[in-house]
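Participant: What follows is a structure written as structure tokens; I'll ask about it next.
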Amino acid sequence: MCKAGRPFLFVCERLCTEVFQLFSKNSTQCLSSVFLLLVWTNRLQCPRTITTLNKNGIYQFEQASKCKAIQDNILSSSIKKKRYSEDYYLHIVKKLQNCTWVRKPEESTKFRSELASCCDAVHNFIASQNNSPLGSNMSYEVDSKKTILITEDIFKMLPVSSLLSVYPFKNCAVVGNGGILRNSSCGAEIDRSDFVFRCNLPPTTGNISKDVGSKTNLVTVNPSIIAQKYNKLNEKKTEFLENIAVYGDAFLLLPAFSFRSNTATSFKVYHTLKEFKATQRAIFFHPTYLKSLAQFWRTKGVKAYRLSSGFMITSAALELCENVKLYGFWPFSKSTEKMPISHHYYDNQLPKPGFHAMPKEYNQILQLHGKGILKLQFGKCESD
């Protein structure tokens, strides 16, 4: 952070002198306007270039005020209470794309502390022997009136403690599966991240890797995929193991304790990996963490039957990582240019109506982006 000392004022004077020559404005009045604008937008920093002239010789000072107005609109209380159309969000996103994103460490630290106080992903994100004692009864996340006894067999499946104890990771990528990733050229950037989160066993090989990357440290697994695609691993074990080989030594994260119907299938994944000595390892969401997380976001207006896996992972990443960047988060059927986009980059299967609150989740993500807490990649990545 630099102070508005003599060198800074000198530069402003030079800029305003040029503006004065172009537009016959009062130089002192212009200097005051420039200085107040920089203070108002909270950007009294040492910029690489304070400004540049465009082809018409007009300075672009008004861009900062426009971006602040957009961010204020997103952060306003009214947007949390109203239902807006897809076109409204696309209009906001299109404007945001032209705004320079600035990370705000103070906001990140504050929000991380808020999440830690309620949910504590560091210790409670996954079920472990430390937070799931032998002989205890664990309540399910959604089937909350149902419990499961932590028997010795279940206890042995759990890691002794959190497997993510090396946190905080420096730079994390949370890769959603939105069709916006197609032709994004984000693969190389994603793969440079220190830790990469993915959702629901997405494809990462072949030509698509240039857009989505191939590195995976943790990937969520929806038990319905195991049931539908692999017949609950009663057969097709070899096909399953061949398909997940692309994830290397990643953790496979399953919601074993969300619904009772998920438990047997999730345990089958664990035992299959162990039986065939696979390099991947099955771990399980802790239901208490997910319930606390749902309550946390409910107070912020996200009310749904259940949070989406991408939103769960994003929340955990904000506790576990210093810098979080989101890719492929796009709950819309078209781009900002009105071009059709498939729901996923690999298919167009839509979620169950009413099961997730996608627009409200996305609104929260836009707010976090606007506050400088995480960065949301809207379109194509810069080429290397």
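Backbone N, Cα and C define each Cβ position, glycine as well.
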Participant: Using the record from TrEMBL, pick out the residue from Cys30, Cys46, Cys321 that is joined to Cys172 by a disulfide.
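Facilitator: If we follow TrEMBL, the cysteine bonded to Cys172 turns out to be Cys321.
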Participant: Minimum Cβ neighbour count within 10 Å among the disulfide-bonded residues Cys172, Cys321: which residue?
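Facilitator: Cys321, out of the disulfide-bonded residues Cys172, Cys321, has the fewest neighbouring Cβ atoms within 10 Å.
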Participant: What three-state class does DSSP give Cys321 (disulfide bond)?
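Facilitator: For Cys321 (disulfide bond) - judged by DSSP and reduced to three states - the answer is strand.
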